[in-house]
């Protein structure tokens, strides 16, 4: 169950980040509200995850996969450009997250 919580936390963090970009500095009501609600749900499920998994694994997985998925959203939805350094960095983040989950300590 903790990994289900983590998936929900990551998903809502990515959704919240997209809403945050769309809110244009909290100047648009609906995207601003979406940001607040999404991050509220995100942190609730992140805290539920931390009841079962170590902080280092939880946070690294949440932050790393959140960054990767947010980058994908930024490319697809917001038409942002990336370069080779960005791609290499994302691959390194994925390797780090996978390594922590395979070799990291558990409760």
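Glycine is treated like the rest: Cβ placed from N, Cα and C.
In Swiss-Prot this protein carries:
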TOPO_DOM  21-29  topological domain 'Extracellular'
TOPO_DOM  48-56  topological domain 'Cytoplasmic'
TOPO_DOM  76-85  topological domain 'Extracellular'
TOPO_DOM  104-107  topological domain 'Cytoplasmic'
TRANSMEM  3-20  transmembrane segment
TRANSMEM  30-47  transmembrane segment
TRANSMEM  57-75  transmembrane segment
TRANSMEM  86-103  transmembrane segment
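Counted as Cβ pairs under 8 Å, contacts with the transmembrane segment (30-47) are highest for 3-20 among 3-20, 57-75, 86-103. For the topological domain 'Extracellular' (76-85), same-chain residues at least 6 beyond its ends with a Cβ under 8 Å from one of its own Cβ atoms are 18, 21.
Counting residues of the topological domain 'Extracellular' (21-29) by DSSP class, helix then strand then coil, yields 3 helix, 0 strand, 6 coil. For the topological domain 'Extracellular' (21-29), the residues of the chain that approach it from at least six positions outside its boundaries are 35, 74, 78, judged by C-beta separation under 8 angstroms. In the predicted model, the topological domain 'Extracellular' (76-85) has a mean pLDDT of 96.
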